[in-house]
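What follows is a set of notes on a single structure, which appears directly below.
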Amino acid sequence: MGCCNSTSAAQSSKREWKPLEDRSCTDLPWLLLFILFCLGMGFICGFSIATGAAARLVSGYDSYGNICGQKNAKVERIPNSGMDHTHRKYVFFLDPCNVDLVKRKIKSIALCVAACPSHELKTIYEVQKFAEKNGSALCLYNLKPSEYSMHSKASVLCPKLPVPESAPIPFFHRCAPVNISCYAKFAEALITFVSDNSVLHRLISGVMTSKEIILGLCLLSLVLSMILMVIIRYISRVLVWILTILIILGSLGGTGVLWWLYAKQRKSPKETIIPEQLQIAEDNLRALLIYAISATVFTVILFLIMLVMRKRVALTIALFHVAGKVFIHLPLLVFQPFWTFLALLLFWIYWIMTLLFLGTLGSAIPKGEFVEFEVSGPLQYMWWYHVVGLIWISEFILACQQMTVAGAVVTYYFTRDKRNLPYTPILGSVNRLIRYHLGTVAKGSFIITLVKIPRMILMYIHNQLRGKENACARCMLKSCICCLWCLEKCLNYLNQNAYTATAINSTNFCTSAKDAFVILVENALRVATINTVGDFMLFLGKILIVCCTALAGIMLLNYQQDYTVWVLPLVIVCLFAFLVAHCFLSIYEMVVDVLFLCFAIDTKYNDGSPGREFYMDKVLMEFVENSRKAMKEAGKGGAADSRELKPMASGASSA
């Protein structure tokens, strides 16, 4: 039965409309298509393992095609192929820091060695001594260890000096430099705004020195997010005012602390700082000034927004109260981000491993005196299928979370006596998802994939043509990317409401999307009010967590003993804090959206008369009435507000 279909409305005049009934499997063809697609993903994985040299991925291979740790077959026209490397189990690169950005690999000769250099080797004599002592020859195979120091071409046939300290990568038997600053050139090529090599080295050293603080601050953001979720559950009535006051105090306090630290460090005598640390101190002072100015501008903008929205804050309290009741009755909703992240993590690990196995496909092709493995024919396009699978299945997992949350909240809303709620509404929602609605989720996620892939292709083209295209082409590309991004966001929002309609009426995706769209259009002003005020308050919650984490980071990084550039560590911590806060509070935002759509459908099919009582909570009804009064008092409601309420009233009367 449709959510707002005219035929359904006519039928409901003869009998009571009841949600959560008439369960049937929706969008079954799309479920079958998704299963076939997943079987294709599995075939690619199995094919790459069966026909590709998985040993080349795990054990590694040298530049002559020999797999380390085993006997090898001879490759024609390659003199050093077919060697017995049973006792040489590790891959060693003569120049491990020479990274080819275009081909995305280390541009160096690779050898199989018995052991990785456990300490830095500064001279060729130390390389020779290491080979004689450990039996691990680090020069080309045709050069004996006793000839290292006497051979005229030792600088070409042996590793680049100094040889950095290395350790084998777990499970993959590659010798990797212990000091990640070895890859500073690679990072420098990726970070185009860094023009001074010394700046990049100081940034990397700052991250390495502050890694314990970074980890602690990331855990702090996780704890703060969970505390905020608990607060939302139990003190939702005063949460809005608490958040408002904390944001005001936090923004003012953070801005004041930044200006105080800047003034303090500016007045500190430079004579007490040794010359090697003077540049770092100046960088920190400049970073403090930028942070202080940015915080001041942000605080002013935030105050202006709160001043404009001050009259609408009271309306959000009632909405948060109802959502808080949902979390009290459904506490497992808090853990939904964990299960979703775990599912995504497991899938991404599988996807990356399959991609690595795909890289082992191909036959040995002689390239001079060395060997490269290349794939030819249709097999070289399998990775396109694999990339589409990454997007579709990732979106499918996220859509399953949305459907699970929607099903649980719908069960809560449309249960008149909350004491008769199922023992585990979350598990009941998962059960209905698996039994009836996987096809709907597959179809909705596929539509997002169809929009996301063209946007990613345009972004790739834009990056490849950077600096080559004219201004008109650049503008058109950016416009197309922006339009596709907006379309993707709109479809995501519509999909979420379509899943809610499916959870209520068990209709297919297209019918549910149409019904949800009609409901949203009929209640456009309410949707705007809820999204504006509610989302803004949740955004303030995210900002509160980021501000608290950043403030703790500033204090800890500023007073640590080592003089390091802590710009990058602080940025990493703030980004992680915002990501964690977004994951948790997005569940709350999702609950609010589901509650509103349930309310709109409830008032469409019920009018409060005997036999057609409302399912809604009284507090939610008070919220709508207060919202209508506030809009009328502000002079913005008037006829527009009555027109907005009319479709629901007429829907109820016709029902």
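Cβ atoms here come from the backbone N, Cα and C positions, even for glycine.
Whatever TrEMBL says is automated annotation, not expert-curated.
Per TrEMBL, the features are as follows:
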COMPBIAS  634-646  compositional bias 'Basic and acidic residues'
REGION    634-655  region 'Disordered'
TRANSMEM  28-50  transmembrane segment
TRANSMEM  213-232  transmembrane segment
TRANSMEM  238-262  transmembrane segment
TRANSMEM  288-307  transmembrane segment
TRANSMEM  313-334  transmembrane segment
TRANSMEM  341-363  transmembrane segment
TRANSMEM  383-414  transmembrane segment
TRANSMEM  536-557  transmembrane segment
TRANSMEM  563-585  transmembrane segment
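Outside the transmembrane segment (28-50), and at least 6 residues removed from its termini, the chain residues within Cβ reach (under 8 Å) are 350, 354, 357-358, 360-361, 382, 385-386, 389, 392-393, 396, 438-440, 442-443, 446, 509. Each of 213-232, 238-262, 288-307, 341-363, 383-414 was scored by its Cβ pairs under 8 Å to the transmembrane segment (536-557), and the highest score goes to 238-262. Residues 244, 247-248, 251-252, 254-255, 258-259, 261-262, 265, 536, 543 of the same chain lie 6 or more positions beyond the ends of the transmembrane segment (288-307) yet place their CB under 8 Å from a CB of it.
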